[in-house]
Amino acid sequence: MTLGNDVRSGLADADNRHAAVHPGTATVFLNAGAGTGKTKTLVDAIVGLLEDNEGLRLPEIAAVTFTEKAAAELKGRLRLELVARRDRSPDRARWEAVLADLDLMRIGTIHSFALSILREYPLEAGCPPEIDVMDDAAHGAMMSRLWTEAISTLTTDAVDSTLARTMYRTLRSRATLRDVVESLVTHPAARLRPAPATWSHPGAEELRRAWIEHSARKWRAARDYGLVVEALIEAEFDELACLPILLDMARPTDAMLDGDNPSPLAPVLVDLQQSLCDRLLRRWLAPVGEVIDRYRAERIRTGQLMFDDIISLAHGLLTDPAKADVRRRLRAKIRHIFVDEFQDTDARQVGIVTNLLAEEDAEVVHLAGGEDVPRVRPGSLFVVGDRLQSIYGFRGADVRQYERVRDAWGALTGTGQVLDLTTNFRSEPALVDWFNDLFATWFSDANPNNGGYCGLTSPPGWHSAEVSEPDYGPLVTALRVGPGTDAEDWVPQHVDLSGKISSEVARAAEAEAIVSALAAATGLDVSDQDLPGSGAHAPRALLASQPWRAIVGIDRETGEPIRRPITPGDCAILVPAKTGIASLLRELRRQGLPFRVQGSALLHQTPQIIEVARIVRAVADPTDEIALVEALRTSLLACSDADLYAWSQLVGRYRWSPGIDLDDSLLEGGERIAVHRVRDALSTLGAWRASAHDAVALVEAILFQTPALDIADDWDQAGEQWGAYTFLLDETRAWQDATGGALSSFAEHLEALIDPESKAPDTSVIGEGDAIEVMTIHQAKGLTFPVVAFWGLSSSKSVKSDSVIASADGDIELSIKAPLQTAGIAAARSAAAIASDAERERLWYVAFTRARSHVIMAACATGRDGSLKAQVGGPVFAALAAAHDRGGTSDGRFGWATRIVRGAPLPPPPGDALQDETSVAFPTVDEWRASHDAAIATLPAQTYEVVTERAHALGNDAAILGGGESASTTRGEAPIGDAGNDVGANNLGAGLGSAFGSAVHLALQLAHAGFSPGQAAAKAVADTDLEDDAAPTVARFAASCQARLDELDLQPANYWFEAPVADFSFRDSLKTSSAHNVQQSAARYDESGDQATPAVSGLIGTADFVYVADGAVHVLDFKTDRAIAPEQKAAYLRQVAAYRDVIAAATGLAPGRALLCHARANGPADLIG
């Protein structure tokens, strides 16, 4: 964009722009807000420097950017500007010479800049003459070798054989230990402190006195802690003997440590546990540092460097007092440095730049963070950045470094200027106003992490009259999909049969709303994709028959925006994380919108690659039964849960083999087919294990010997799937060529790639043509789109904690498995969590400001109260609501739609039922869709109500009279569970919410499917995103419930877990006994004042456990609440009785008992009802 002087002179920040381009001898620190044209300003500043210094040449100037793409763009725009200067300058020969030097100018990332220095002085840096960057495959191979050597070191007598054996036995998973080892490699600037010389502990008598006083204060866990005290004394405080005692100790409650009646013993035992774990962990892991140093030395010796090696070596070369001659020669070559995206630098990168631009005897400036940097020559440094766009903390960037340098700019440069750019040339003026309204509150001075927002302005010549046109579309469309305060706002396809709004269901509903809005925005035919809104709040533009309009560029002559109708290529869908991306891609395919996926990080989350990874893991490790079951359940091997259950009943164990003999003479029909299907799949796995000599051969066998490409609705989907598979094959071949590794190593490699938290590089693109871009918010940094939509706001906030954290003082804190961790890990994690939350806030600033004209977002509330507070989109929608309440969206240009929902989805295609060997003629896809469209059109409109919601909405006076029993709701009744679930007895269930209860349910089911209790708990914890250390507690609560189930002495055919319940005739079960007349109950229900419209005609939900005994059907619901208050108990029993009545009516059995199974941390569960 080239703006004339008359246009630039009218800008609000015109003086700052001129000062930045012609600073004289001043050194410039430029705060450039989003869309303010920082790249243009950088180009103008470089050209201005050449204008003001006639003898200066481009090879004496370096420009450092954050990405290679940004470097290429900067170089291209600089070339265009130099050509323009040459063509209009009277001194054409001079600018011709400048242009000839352009390819000699250093323009690139900080890593390429540092690498160029090392290649000029390799021997001085301790490297060979040939230096190269290690590629991903070579890096993976190196990490595998390092891990193998590290685990060998940790399990031998290299340090202390007894220590090695003791520590290794405490591990429940080698995976966590590997995370720690690999993380230590990525923190070379920080070190693991040596272990304390001795373990400080109190004497035996001091411990006994504390125990006696603890007992005197009537803490219920007195006996348990007394056993711990006696065991420690009996072990004579031998460190290795005391370790398992303290690791198995129940964690004291907060009340014990900080309550009104604190325990004198609990904090002593906690300190003992922490100090001993810290000391032994540091002693045990000390040799790993030596292994890491040895591998670093090998990389330097061979010249195959990691990116961090490059920065470390360049920084060392420029700060080593013995390398003054190198610095002198480099300073003679590089006189000026321009740094882009300065907010994404760290202390060592700042040190590289400042040491290049300082005199040898320059004054040292002490920054607030503790590091010392030399004062640079006046006018030699130009940095540009934006604190609110610092989003790469996971790569080592530190926004505090940006603030420290800014605050010390005067002392650091002597003649420094700190300037602000605020004029936004990217977005609609009205949208800029909306940004300011939103972020001025979000980033107010009261924000402890991101306080201080510099508002954006628009060019004075820009006008927003077009946005009032009917076809322009709303600037901001916020779609809140999900249950609200009104019953009619919710529809059944967004709730699974359990009545729970799972994250998968929420993501699918959110995708449906987003893609439908994009279909309308691009003018695609959405006549059969009706979007009924919520009254007057629904944005009319969602139903527009023509595409919206948007800014697609800037007129180079006038500086005015260019607007035109939107096409798919003008749109981008940005995702905050990779988890569950398949839901979005499925919906884009279903509605027929063209799309393009940017980056391998998102491709690794596609179901095709995830399923292949599951099969590879099963083939690589035949002893892992959980991996085998997951592989069997993939669409490629196609074993259903019913198949697996039949197999577990007949065989009991899962093992693969090239040929499995099976006695199925007692089986009939479907059971025989099911068992044969599992047998054939296991035989296939065994054959692959026997024949696949490497990773490439295995992946090819999986793709070409299964119906991988047949599982697609149409040719477009098949092409997309083949693109994903081709990408995986290419990656596999590259990995095999670089490593030659075993299948087990390849399985670990794939598991790391499909981990949503992985930081895999983004290099690949699937899709082409005029298509919607799908990418992460990080990938969108530096890009601009006329329409920006967000998906993933419904996902739960990630609570995953890093295993290794570098603290502010440069020390390493780590955790193998709580409480086996260093003493400072809690404080380090707390600080890291604060920094992560602050970065997440800045991420949304980056995301919103990518948009030129339109912002679209949706979120599905999964909370019972309809809130989003526990989800990624919680802060976003809270800020939107606040802006809306202030009147920021009241002028008709902003769509504020709540609870936008759609019609019923298509039923699944035929073919799910078990088939025998007889071939069946299935309809074509077109025939199938036509028949189902016709079927859907004839279905009567139905609405469901979730049993749980209705049960908790009723008052406490609704009695349950099922099976001749009633539940008392007398006022003043003590909450159930206070006596049974001792809060001091390791009862962790109450603090973990619904995820913990789901884990207990799943552990019970897995145990009945043949897994051991330990395996079942571990798998349940992993599947419900709990921390790994919750597995023992889940196992205890599951065992508590299982003890009651064992007392029932039921046969497998007479009980069911997770039984779906759906019926249209029992809406009254929650208010009346099954003995009452249904019609009379319905009449009372309609007269009760409930304003639901239309009236609820059905109930849906899932009963935890259903069994048949004595000719009656009984329902039991598992509860893990710490305590159940009387009104809560009544609501729970209403819910269970409703399930019982619906099932009884459907089966013709008599209604039996409605029970709550209230789990305890220790001992059998309490039965209530």
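Glycine is no exception: its Cβ is also placed from the backbone N, Cα and C atoms.
Taken verbatim from TrEMBL:
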- Ala32, Gly33, Ala34, Gly35, Thr36, Gly37, Lys38, Thr39: ATP binding site (BINDING)
- 11-428: domain 'UvrD-like helicase ATP-binding' (DOMAIN)
- 458-782: domain 'UvrD-like helicase C-terminal' (DOMAIN)
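Gly33 (ATP binding site) falls outside any helix or strand according to DSSP and counts as coil. The residues near the ATP site, meaning same-chain residues not in Ala32, Gly33, Ala34, Gly35, Thr36, Gly37, Lys38, Thr39 whose C-beta sits within 8 angstroms of the mean position of the site's C-beta atoms, are Thr41, Asp386, Leu421, Asn424, Phe425, Arg426, in sequence order. Counting every protein chain shown, 21 other Cβ atoms lie within 10 Å of the Cβ of Gly35 (ATP binding site). Applying an 8 A CB threshold to same-chain residues 6+ apart, the list for Ala32 (ATP binding site) reads Lys38, Thr41, Val384, Gly385, Asp386, Asp420, Leu421. Restricting the average to the domain 'UvrD-like helicase C-terminal' (458-782) gives a pLDDT of 70. Neighbour counts were taken at the CB atom with a 10 A radius for the binding-site residues Gly33, Gly37; the maximum falls on Gly33.
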